[in-house]
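Novice: Take a look at what TrEMBL says about it:
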- 550: active site (ACT_SITE)
- 510, 522, 550, 599, 602, 621: N-acyl-D-mannosamine binding site (BINDING)
- 602, 612, 614, 619: Zn(2+) binding site (BINDING)
- 68-407: domain 'UDP-N-acetylglucosamine 2-epimerase' (DOMAIN)
């Protein structure tokens with residue numbers, strides 16, 4: 001039977017159907033692959049090097065672990081976690097029920113600079129195998145430790161994305177260099193404060209990859225610092241007899257850039273604590289270079305056997321929170337003191353320079369030059385047992401949800417290569433000698449009752465150019481004129497080859513220099529209360545701005561350019577239309593708790609004296625100010641008892657204090673009596689100042705300074721205590737103390753709390 005040929009012809013409709021079916025199957029397959037890709041869990045590796053960084057990383061690890069449908073958590077442990085001398089703190093990670101995927105012994109013992117370098121090298125040798133095995137999508141690295149630098153270096157070279165926690169901060173040691181190096185290696189950043197965020201942007205990091213999250217440890221400490229069993233925890237570490245707020249927590253680490261000095265400070269701290277005679281919980285220092293010598297100092301002083309001390313290598317973070325929050329004081333240079341302790345209002349004494357650049361709350365007292373035991377002891381006396389308002393500079397307790405949300409937004413398909421956001425820089429053909437010799441200068445503003453003055457002031461106190469206009473009566477007109485004068489001055493500064501570093505403002509009234517706000521003005525300047533000066537000037541000029549009252553500025557001018565240069569303690573008294581001044585104590589300007597320190601004109605020297613402009617009676621200003629002398633001159637003139645032979649007074653001429661002084665010189669007994677009373681009032685007030693702050697020098701400034709210098713010196717010699725009789729009174733030689741003081745805030749001085 002003959003075989004029939006097979007037909008290869010297909011109906012066009014069937015062919016179309018087959019093609020459509022295959023396209024649909026291919027599309028469904030692509031969608032399924034995309035869906036699987038979208039549903040793939042983000043593989044996150046968290047690397048922890050020591051007890052301190054685990055306290056910041058643990059809240060994130062718990063957050064990741066609670067969402068297994070979105071994240072795959074890998075935990076890597078290295079560094080001092082695995083060393084017995086530092087408490088084998090990896091066990092607390094296991095106690096928190098985390099599976100440790102990799103343990104890397106990376107520390108080369110020696111606790112010196114060479115050992116730190118060798119430890120980084122050893123970590124770099126071991127990390128590639130671990131990272132190749134784990135293959136994380138993202139590596140989470142914390143802080144500024146040398147171990148973290150090794151982690152970031154290895155991950156960056158192996159094309160693994162890095163999330164860096166707590167970048168952008170400044171502390172003032174080698175940690176800054178390490179932290180900023182990790183920032184440049186990291187692809188994403190979760191920072192704690194607005195200032196840190198601005199630092200990261202200034203370092204050319206992509207703003208879209210920066211998260212202002214807050215500190216993760218705050219999530220835990222803000223929710224758990226009010227435990228009912230806190231006294232049980234305190235007594236388990238310090239004994240049954242210890243009471244709340246009657247013990248000290250001490251934690252001091254070596255400063256690797258100045259090891260010998262940090263060891264000296266450690267010894268002084270221990271001596272001061274022994275003398276202070278309070279129960280003290282002291283933690284061993286970290287593993288940085290110099291720690292071995294510090295432990296040796298501690299043991300030489302018998303701290304581990306001393307009945308007042310309990311020396312420990314590690315405390316679980318939850319218990320450490322309770323110990324810090326209920327302590328009478330914390331002392332040392334740990335970042336915990338300037339960060340976490342602020343959340344509880346615990347008083348802190350920060351020793352040395354390790355945390356110099358950190359943002360701190362008012363609970364922190366800095367002893368940067370801790371060169372004597374007495375200085376540390378005095379700081380303990382000042383801080384122990386106090387309580388401060390709680391500070392949330394570093395977080396609000398919601399950092400972890402923000403970080404997890406940030407992790408979800410990471411697109412693994414976007415290019416791995418980092419891009420940097422460099423500012424626009426003008427092309428420069430060559431370096432000009434005028435640029436090299438450019439004069440560093442400040443823009444100084446003096447807001448007086450009569451005139452508004454602006455000046456460009458050089459670093460040496462030379463007034464390069466000055467601008468003067470009548471001070472408008474209305475707030476809006478005054479601000480508009482001031483901003484225009486400042487704009488003109490900054491433009492002129494370029495042609496004068498002056499580089500303006502910032503703006504300093506001297507104004508009458510009570511000023512909050514921390515906020516740059518005039519709180520209450522004098523009656524001489526109208527519409528000048530609750531005025532924010534810093535913000536509008538900074539917005540227009542794009543320069544940092546400092547603000548203080550004219551009396552404080554006069555003291556700062558003397559400190560930098562006048563008789564106060566090199567003098568540790570002195571008082572400046574302004575004798576002009578009013579009476580004011582400033583106090584320099586231990587090289588720092590004294591502002592007082594409500595910014596009204598050194599209101600020298602309102603020291604009362606009589607219970608029933610003349611009425612003062614402040615509303616009180618018997619103030620120095622009511623006797624000795626230019627206004628008070630003018631008032632007395634008018635009284636004598638109205639009674640026809642002012643004019644004497646030799647005086648040239650025109651009928652239309654307004655009566656001033658100068659007429660009174662001239663009359664006294666020409667033998668007018670009543671005018672002379674007024675001046676004697678004014679001199680006595682001022683002298684008695686200054687004697688009171690000598691007995692309160694005990695300066696080594698008094699500087700009289702203003703138009704009446706030369707009139708009062710000799711009488712005040714005489715009253716001090718007659719009425720002061722023996723120990724203060726020889727304190728010298730001098731007249732200022734500065735022509736423009738207000739402008740020079742405003743400039744000095746820019747050139748030398750930023751408001752800070754220093755001891």
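Glycine too: its Cβ is placed from the backbone N, Cα and C atoms.
Looking at the shown structure, what environment does each listed feature sit in?
Specialist: Other Cβ atoms within 10 Å of the Cβ of residue 550 (active site), summed over all protein chains shown, number 26.
Around residue 619 (Zn(2+) binding site), taking its Cβ as the centre, 28 other Cβ atoms fall within 10 Å, counting all chains.
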Novice: Looking only at Cβ atoms, how many others are within 10 Å of the one on residue 621 (N-acyl-D-mannosamine binding site)?
Specialist: 27
Novice: Measuring C-alpha to C-alpha, could you say which of the binding-site residues 522, 599, 602 are within 10 Å of residue 614 (Zn(2+) binding site)?
Specialist: 522, 602
Novice: Out of 550, 612, 619, point to the one nearest residue 602 (N-acyl-D-mannosamine binding site) in space (Cα versus Cα); all of them are recorded positions in the record.
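Specialist: For residue 602 (N-acyl-D-mannosamine binding site), the spatially nearest of the recorded positions is 619.
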Novice: My understanding is the cutoff is Cβ-Cβ under 8 Å with a sequence separation of 6 or more in the same chain; which residues meet that for residue 612 (Zn(2+) binding site)?
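Specialist: Looking at Cβ-Cβ distances below 8 Å from residue 612 (Zn(2+) binding site), excluding near sequence neighbours, one finds 602, 618, 619, 621, 622.
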Novice: Cβ within 8 angstroms of the Cβ centroid of 510, 522, 550, 599, 602, 621: which residues besides those meet this for the N-acyl-D-mannosamine site?
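Specialist: Other same-chain residues with Cβ inside the cutoff are 508, 509, 549, 551, 578, 579, 580, 601, 614.
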Novice: Please give the greatest C-alpha separation between any two of the N-acyl-D-mannosamine-binding residues 510, 522, 550, 599, 602, 621, in angstrom, as a whole number.
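Specialist: Output for N-acyl-D-mannosamine binders 510, 522, 550, 599, 602, 621: max Cα distance 16 Å.
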Novice: Rounded to a whole number, how many Å is the Cα of residue 522 (N-acyl-D-mannosamine binding site) away from the Cα of residue 550 (active site)?
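Specialist: Each residue's Cα considered, residue 522 (N-acyl-D-mannosamine binding site) and residue 550 (active site) end up 11 Å apart.
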Novice: Below 8 Å Cβ to Cβ and six or more residues apart, same chain only. Which residues does that give for residue 599 (N-acyl-D-mannosamine binding site)?
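Specialist: Set apart from residue 599 (N-acyl-D-mannosamine binding site) by at least 6 residues yet with Cβ under 8 Å, we have 551, 580.
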Novice: Cβ-Cβ under 8 Å from residue 510 (N-acyl-D-mannosamine binding site), same chain, 6 or more residues apart: which ones?
Specialist: 518, 519, 520, 549, 594, 595, 596
Novice: Please average pLDDT over the domain 'UDP-N-acetylglucosamine 2-epimerase' (68-407) for the predicted structure.
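Specialist: Across the domain 'UDP-N-acetylglucosamine 2-epimerase' (68-407), the average pLDDT comes out at 91.
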